[in-house]
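Per Swiss-Prot, the feature ATP binding site maps to S70, E82, F83, D84, K286, S300, Y301, Y302, V303, K304. Residues or ranges marked as Mg(2+) binding site by Swiss-Prot on the basis of similarity to another entry: E82, D84, D209. What Swiss-Prot lists as GTP binding site is D209, and the listing cites similarity to another entry. Annotation source Swiss-Prot lists Mn(2+) binding site at L311, D312, D317.
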Amino acid sequence: MNFRDNSNIEYRKLDAPLKFINKNYITIGDKDREKYSKILADILEAFRRKMAESDEVYKTFEGAVHYTGSAYDKVKVGKPDEFDLNIVMKLPAAWDYHNDIEVKNSSPSYVTINVKSGCERSYRDPSFLNKYQKGIRIWTDNEGYFIQEQFHAWMEGVVKKALNKFPSHGLEYIIQTNGHAIYVKTKKSGPAVTLQCESQDRKIKIDVDLVPVIQFNNNSSTLWLSPPVRQRPLLCCKKTWCAVPKPKKNNGFTNKNREWRVSFTDQERDLLYNKGRIKNLIRQIKKLKSVHEETKSLPSYYVKTIFLWALDDKSLDQNMWTQWSDGALFMFMLKRLHSHLDENKIPYYWDSRCNLLDALGYAVNNMKYKIQRIIKEIDNSLDNPEVLAKYLLTADEFADFRRRYGSIEEGFESLSIDSAPPVSDLRGDSRCCIL
């Protein structure tokens, strides 16, 4: 059934339960956000100070900490207890991006970085040999290429040296923040070093992923990658982008350790800014996928990417994010997710040669059929809010919904079909259909 054959008015029946679910089970409260953010800031301040004390190379190249991920995009579901932080390393300010640094596209969504020319032109900064040479030597091979494995191993060493400056108890390190003790352990996860933090009473737990990155466009000269990497959208005022030491398996590239994943988190934040209810929608789809075993392994970034492509779709009326009803938007994007799974394709937004779903293998089929069943049942039960709730909530949350929603449903009378404001016709593209 094609999505645009559905009645726009019918999907408004989902508005009230969606608003209730958003408020009670998805949206993070301001108090929780402030509490966890304050704890994170205290941990980070103490930890970065020890990192700078522990390693001269880190102190020399240290840039700002770049907050990334769901928590700071405001699309996090549940407690704000997981944070992604880019630990930015800035290249020498005297280097010119066009003459001293050679960045080339390699495998889809990856680049190589060569700084041999910059090292040879060190006369631009008389103190270069003393100030920068040690770090450059640690991070590069004998041909001047940055090597992600060396860079990542170096950062792990910095983290370990910094932690060793704190008191320890067993396998945990103790960071004192404003009179409170935070117990910290570490683990490796992809390109990140994760700090697993707990309060002394074990009531608060926070995971902090520290990802070391090399930042570009942080000085007077600028460098953007050549096609097929997407050029910087006009809406994006920020020019900085990062190279991430993220390993890529089976890419056929001879020197894969020279490859770095490109990351454009600043631009993605610009693209999602002030786009109506789009962040609510991202949270809803993420909530749904997190509840079901078949879809749990779909990374949240892939969900975000689907929305970036929808914003880029010229066949859509982009006023939809403010004019359509909550129910219509939710079902449209759920069906769009199904279309991507059905085609087994979610292209990386910045380099469409890279299909993100390739990393998931056969799990995509299970996801596709699960989403298809959910769509069919919701479409057939628009008058029953419990069907929608069943697919968006955990068992305990659903039991709570059943107890509470019926007694307050009258409070949503202002959202009834007759009183709801007119909404634009649903115009999905031809891909958004369920077969």
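Just so you know, glycine gets a Cβ as well, placed from its N, Cα and C.
Positions of the features from Swiss-Prot, shown on the structure.
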residue	record	DSSP (3 states)
S70	ATP binding site	helix
E82	Mg(2+) binding site	strand
D209	Mg(2+) binding site	strand
K286	ATP binding site	helix
V303	ATP binding site	helix
L311	Mn(2+) binding site	helix
D317	Mn(2+) binding site	coil
Exercise. Let me know the most crowded of the binding-site residues, choosing from V303, L311 and counting other Cβ atoms within 10 Å.
Key: V303
Quiz prompt | Any further residue of that chain within 8 Å (Cβ to the Cβ centroid of L311, D312, D317) of the recorded Mn(2+) site | solution = A310, D313, K314, L316, Q318
Quiz item: Can you count the other CB atoms that lie within 10 A of the CB of D84 (Mg(2+) binding site)?
Solution: 21
Self-check item: Cβ-Cβ distance under 8 Å to S70 (ATP binding site), same chain, at least six residues away
Solution: K76, V77, E82, D84, K286, S300
Quiz item: Relative to the Cβ of D209 (Mg(2+) binding site), which residues of the same chain, six or more apart in sequence, are found under 8 Å away?
Solution: G69, E82, F83, D84, L85, S189, A192, V193, T194
Quiz item: Which residues does D312 (Mn(2+) binding site) neighbour through Cβ under 8 Å, counting only same-chain ones at least six apart?
Solution: Y349
Quiz item: Where the record says S70, E82, F83, D84, K286, S300, Y301, Y302, V303, K304 bind ATP, what is the longest distance in Å from one Cα to another among those residues?
Solution: 18
Practice problem: Ten-angstrom check, please: count other Cβ atoms within 10 Å of the Cβ of D317 (Mn(2+) binding site), all chains counted. | Solution: 13
Practice problem: For K286 (ATP binding site), list the number of other Cβ atoms lying within 10 Å of its Cβ atom. | Solution: 21
Exercise. Within 10 Å of the Cβ of F83 (ATP binding site), how many other Cβ atoms can you find? Include all protein chains, please.
Key: 24
